[in-house]
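Everything below concerns the one structure shown next.
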Amino acid sequence: MEEQVKKAGEEVDTIGGGGGEAVRVLVVDDSPSDRKIVEMLLKNSGGLFEVIAVESGEKAMEVLGLNGVTALLNDKNIDVILTDYCMPQMTGYDLLKAVKEHSSYPSIPVVMMSSENDPQRISRCQGDGAIDFILKPLKVKDVQRLRSYSLGRTPISKSGTKRKLPVDWIAESSSYETCQCCAEVAVS
């Protein structure tokens with residue numbers, strides 16, 4: 001199921017995730033290739049995710065309705081926000097702070113991602129409310145972790161029992177792995 005949300009001539013791509021119980025992930029990344037990688041990883045996860053992908057913090061603010069305009073997806077909730085840290089104009093860190101300070105969204109899990117493994121950046125983001133910090137490029141195990149962050153926000157099924165995930169989908173730990181990353185972007 002593929003649909004597009006349009007506002008003032010702009011488009012936000014969405015990829016259907018297989019029904020009302022899919023986890024809605026707002027992916028924010030200024031790199032088209034990185035956005036596509038995340039979309040494909042989530043799309044190929046057996047219909048567990050519905051992806052709304054935007055290219056900037058400003059667009060994410062529009063989708064969430066945090067910019068004073070009615071939310072583009074006002075009839076549906078976002079379960080998890082996955083945002084790049086370093087973006088022009090509005091960084092992922094700025095988006096994190098805006099989401100956590102807004103009274104309607106402080107409980108949405110925000111996961112930061114970056115190609116740089118900077119302990120100070122990671123600590124700063126987690127100190128301001130990020131639930132995790134994932135190193136790019138994303139991997140399948142990162143997708144599994146992303147799914148686990150939405151568990152507390154998933155709706156109760158029609159039968160009245162909570163959904164249960166297979167054990168292999170639950171993240172074993174939230175420890176960080178070190179990997180070799182090339183960072184050519186100066187950070188503020």
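Using N, Cα and C of the backbone, Cβ positions are placed for all residues, glycine too.
With helix defined as DSSP H, G or I and strand as E or B, the domain 'Response regulatory' (24-151) counts 50 helix, 25 strand, 53 coil. As annotated by TrEMBL, domain 'Response regulatory' applies to 24-151.
Per TrEMBL, 4-aspartylphosphate is recorded for D84.
In the structure as shown, the Cβ atom of D84 (4-aspartylphosphate) sits within 10 Å of 24 other Cβ atoms.
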